[in-house]
Amino acid sequence: MEEELRCFVCKEFYKEPVLLPCGHALCRVCAVGLQSHLPEADNASGTANDYQEADKASVSSETDSGVVCGSRPNSFAGTPAAAVYSSAAFSLLCPQCNKQVFLDDNGAEGLPPFRVMRTIVERFGGVVGAPPAEEACQMCEGERRAAVVRCEQCSVRYCAGCRDAWHPTRGPLAQHELRALGTTCSDHGSPPVLYCNTCLVPICQRCLGERHSAHETQQLSSAARAHKTELSQSLQQLSEQAKAMTEYIQLVKGSGDKINESCEELERQIDQACAEVTRAIDRRRDELVRAARNTRSQAIANMRSLTSHAAQKLREATALLHFSIEALKESDHAAFLQVGNILSARAQETAAGLCSSLDPPPSPPALTLDIEPVIRTVRTMNFVECIPPGAPEMAVEACAARGCSCTLAWRAPAAPAAVRGYVLELDDGLGGPFREVYCGRETVCTVDGLHYASLYSARVKAFNGAGEGPYSEVIGLQTSPVAWFAWDLRCAGAEDALCLSADGLSARAAGWQPRVVLADQPLARGVHYWRLRLDAHDGDADPAFGIARADVAKDKMLGSDALGWAMYIDSARSWFVHGGAHGGRAEGGVTRGSTVGVLLDLARGTLRFAVDDRPQGDIAFTGLRGAFYPAVSLNRGVAVTLEPGLQPPPELLMETLAIE
C-alpha cells in the first residue's frame, strides 16, 4: 500500500495532499511546482457558457476526497483547445494520466485538500504537513494537529487529544455541543445532508432549494453506503486476481527447480553419451554442454523476468487493495463519496488486466540424446528437439459438427520429438484450398461461423524449434443441413417502433412506417425453408417477407431497394418486390393465423414463397448468389412468429422441379 501513499513527483509520503479533478493526488508544493501560467489570449478565450457547463459537471466531496462541497470548482480536467472558462489563469498537467487541468487565479493553492489520503497517511505513520489554520486544533502546543470537533458554545476547535484533555464530556462542560468537523458547503457553510445523483455532489438543504430542486437526490449516508458496497465488490474481484497472481508467482518460482533438475539431467546424459565415443567427439561434447547450460541460463533469465514482472503487478494491485480497504474505513460519507467511484473504477480496471497479459511459466526443456546415431556419425550428433515432430493423430471420436460450428480434437505425435504448438487448417467447405484457423498449444479447438449444409475437411500439424512436422490424416465434418436462426435483437429500435421477444422469434411493429428485421446469421449455401406465422394482421397493414443483404434499408418496405427480395401480401393478393419494382401478382392473401413460407435454394439460386405450405405464385427470383439474411418488414397491426429450420413441403419442391 505504500506506493499509494507516496507522491508521484517527489516519491515521499504525501505532505498536505491535494486532489486533482482527474482523481489523482499530489503534494500541494509539488502541484504548485508543476503549474504553468496561461497566456492572456488563452485566459480570455473562455466563455460564461463554458463555466456553466463545468459547473454542472463538477464532482465534489470535501471529506471523502478533498473536493469542496460547493458546485463551482476552481479547476477542470481535460485537453480542450483553450481555457474552459474565463477565470482560468493556470494549467497543470497530471504526471500520472497526462490530463491537463485548468485552474483559476488561485492556481494549485486553490486545489482542495485530499482528506482521505491525509487521514490514511497519518494512520500509517507517514509525515504530513500541518493542516490549514481553519482546520487546525486551537489548543495544540507546538505542531498543531487537525481538529476533529468544534464546541458551539466555546467556539474552539479541538483535536482528539486536546478534546479529551481540555473539554471532557462531564461536569459543567457536559451540556456543551461538540460538532464533528467534516465537509461543509462552500456556498452556505452548513454540512451536506443529501447527495445529488444528477450532479454527483453532496449538497445542503439550501443548495437543494436553490439549484437542485429538480434533481434526483438521496440521503448522504445511503449514497455513501451504496458506493462503499460497489467498491467492496470491486475489491473482492481485485483480491481474487491478486491471489491468482500470487499463485502464479509461486508456480514460476517452482519451475526454477525443475529447470535446474532437467538441465542437470541433460548434462549427465551428455557426459554418458560422450564417454562411449572416441576422442573425436570431445569438442562436440563441450559444445553440447555449453548449449545445455545456455538453455538453463535463458530459462532462468526468463523465469526471473516473469517473476519480476508479475511481482510488480502484484505490488501495485496489493497497494491499491490495501489503500481502498483503508478508504472503506472512512467514516465521513461525503469524504468517501469523492473517491469511491475513482477507487472502484481503478479496482475494476486493475482486476480485469491483472492476469490477462501474463505469459505461461517457463517449462523445462524436453531434451534428451539418441546415442546410436551419434556413434555412427559424430557430426550429426544433436539434441532431439532439433528434429521436427511427427504427425498428430486426429481424435475422430471427439470431433463433431453442430449447427454452423465444429469441434476438432487431436493427439500429440509420438515421442521423442518435443512439440511447441499445433496449426489447424480447414478448407472452404467446397474442396478448395486449406487455410489456418488455429495456432496454439491446445489439442482441442472449436471453429464457429461456418456455412450450413457444407462438408469441411480438416487437418493439423505440429511444430517446434526445428520446424513443422507432417500433416495428420484429413477428416471431413458435415455442418447442419438446415439453418436454425432467430431475429437479430439489434434491429429493435430505441423508439419502440419494433418489438422483439427475448428469444428472438417473435416480432411486432408499433408504427405505420415499415421496419425491416433481419435474422442473426446469413445463409450462403444449401436449401433452407422457414415459416412466419401471423399472430396479428390488420387489413390495412403492408407486411413483406423474403431475404436481404446486411445493409438493406431498414425504414422502408422490404424489396423497396436493390438489396431486398420479398413478397408483399395483403388479405386478397400478393406481389413480388425487388428494387422498388412489383411483379408476379398472385391471387390469395393472408389473415390472422396464416403462415408464410420462404424457400431459399442457394444451390439453384432461386427464391419461392408459400402460404399455409401451398405455393404462392411461380418462382419469385432467380440468379441469387452470395450471403442473404432472412428478413421481414412490418408495420402497425402485424405480429409474426418465426419458425426456422423446417423441411420444405414436398408439394413446393416438386412444383419447383416441374417449373425448371
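Yeah, the Cβs are placed from backbone N, Cα and C, and that goes for glycine too.
No curator has checked TrEMBL annotations; they are predicted automatically.
Under the heading domain 'RING-type', TrEMBL lists 7-30. Residue counts for the domain 'RING-type' (7-30) under DSSP, split into helix (H, G, I), strand (E, B) and coil, are 3 helix, 7 strand, 14 coil.
What TrEMBL records for 43-65 is region 'Disordered'.
What TrEMBL lists as coiled coil is 256-283.
Taken from TrEMBL, the feature domain 'COS' covers 328-384.
Looking just at the domain 'Fibronectin type-III' (388-482), the mean pLDDT is 89. Per TrEMBL, the feature domain 'Fibronectin type-III' maps to 388-482.
What TrEMBL lists as domain 'B30.2/SPRY' is 464-649.
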The domain 'Fibronectin type-III' (388-482), counted residue by residue under DSSP: helix, strand, coil: 3 helix, 47 strand, 45 coil
